[in-house]
Amino acid sequence: MTTSLVTASPPKALGRDFTGLWTATGLANLGDGLYLLVLPLIALQLTTSAGLIAGVTVMLTLAWPVFGFQAGLLVDRVDRRRMVAGVNLVRAVALAALTVALLTGSASVILLYAVALVLGVGETLVDTSLAALVPQTVPHQENLGRANARLEVAQTVTNQFIGPPLGGLLAGFGLAWATGTSALLYVGALAGLALMRGRYRAAVTAPSTPRPPLRQEILAGLRFTWANPLLRNLTLITAAMNVFWAAWVAVLVIYVVAPGPVGLSTPQYGLLLIVMAAGGIAGANAVEPLRRRLGARRLLALDVVGTIVLVGTPALTTNPFLLAAAMFVGGAGSAVWRVIVAMVRQTVTPAELLGRVYSANRVVSWGVLPIGAALGGVVAQAYGVRAVFVVAGLASFGLLAAYAAAIKPGPLALALAPKAT
């Protein structure tokens, strides 16, 4: 059997199964958007320590380096739709427990960290499942770009565009309103999953074929990623960018919410995050036409520039409008990067390895998030919050040179070209 490059056929309908996945993803990500806004605010209410507040981000992201490889193996062995349903229920229970603690005045930093860790573990399983479910619900390769972009828009709109202002509004009535609503949204996501028909297991080997050792299975995704130069380099550059993003995120609330130097209220903080979401929506909607016009390599390079602008601007100004502009640029670039990298991964990876390859990518690229968040907290504690943005802004210039050296146009174009068998 040979593979050749062909002209893409007209787009086909994405279908009911993808619609169900899209609906469930939107509802669950709205729940994500609420808790991502409110958990740092709860920490701010419980402690004044910059290090402890940054610890919330550490707990939310710790699951990827600790549990990411195992998550990929689980997703490649079980029904992926059922996995997402079960995890959403567990996340709902964790947030319900935090809601009760807030209502009864028994919330603590330890409880907050525990809930954040549960939510982080849930994210590893759900995101890995989602990455593998997209090509299962959208069987035609020429629709992968459209499907990934549509999911990216749904995630951005709910997680960042609707979630922050809704979270800020609910937090105005009480932080428990935001956590309780988030729990209900995870339960509501089950309705979307119910629209999906059939079974969603990965292709399995014949019963007569002996299973390789467990460790070998777990690390199969990492080996595949490392053996593919394009996947390997994209993963490493993503990891480098994420160090700077994590440091920025970990201390942002301290910098922009009063009594921080920007001096925003909680609802205004939510509105600021909306601007980043608007950038993400614009980027996701424009990725396909921009890719045809500029090429994927130039388009990805713009995200590297966007990262520099995002993390460095707070070092130069406390003007909320300039910060918002930088966040719009960063959000647009991030969406473009995620859509294109997802397409590359889905087209070059065998279906039975998708879960493990995705989790390997996340273990490496998101495994650095707690490191970046912890470094941000340490620098902020020792030298002040603005020092985090100064260091991140200056260091991130090295990303451009690394990208130019590592990502070559030929392999990237070949991976994204329509194929027929």
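Cβ atoms are placed via backbone N, Cα and C, with glycine included.
Record features, source TrEMBL:
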DOMAIN    1-410  domain 'Major facilitator superfamily (MFS) profile'
TRANSMEM  21-44  transmembrane segment
TRANSMEM  50-75  transmembrane segment
TRANSMEM  95-119  transmembrane segment
TRANSMEM  169-195  transmembrane segment
TRANSMEM  234-257  transmembrane segment
TRANSMEM  269-287  transmembrane segment
TRANSMEM  299-316  transmembrane segment
TRANSMEM  322-342  transmembrane segment
TRANSMEM  363-383  transmembrane segment
TRANSMEM  389-407  transmembrane segment
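Listed as Cβ neighbours of the transmembrane segment (50-75) (distance under 8 Å, sequence separation of 6 or more from its ends, same chain) are residues 36, 39-40, 43-44, 83, 109, 112-113, 116-117, 119-121, 123-125, 128-129, 132, 202, 214, 217-219, 221-222, 246, 249-251, 253-254, 355-360, 362-363, 366-370, 373-374, 376-378, 380-381, 385. Under the criterion of 3 or more C-beta pairs below 8 Å, with sequence separation of 6 or more, the transmembrane segment (269-287) and the transmembrane segment (363-383) do not qualify as touching, having fewer than 3 such pairs. Taking Cβ pairs closer than 8 Å, the transmembrane segment (234-257) reaches residues 40-41, 44, 50, 53-54, 57-58, 61, 225, 264-266, 269, 272, 303-304, 307, 310-311, 314, 320, 323, 337, 341, 344, 360-361, 364-377, 379-380, 385-386, 388-389, 391-392, 395-396, 399, 402-403, 406-407 in its own chain, all 6 or more past its ends.
Here the transmembrane segment (389-407) has Cβ contacts under 8 Å with residues 230, 233-234, 236-237, 240-241, 244, 247-248, 255, 297, 300-301, 304-305, 307-308, 311-315, 376, 379 of the same chain, all six or more residues outside its ends. When Cβ-Cβ distances below 8 Å are used as the criterion, the transmembrane segment (95-119) is approached by residues 31, 35, 39, 42-43, 46-47, 52, 55-56, 59-60, 62-63, 174-176, 179-180, 182-183, 186 of the same chain, each at least six residues removed from its ends. Count of Cβ pairs under 8 Å against the transmembrane segment (21-44): among 169-195, 299-316, 322-342, 363-383, the largest is for 169-195.
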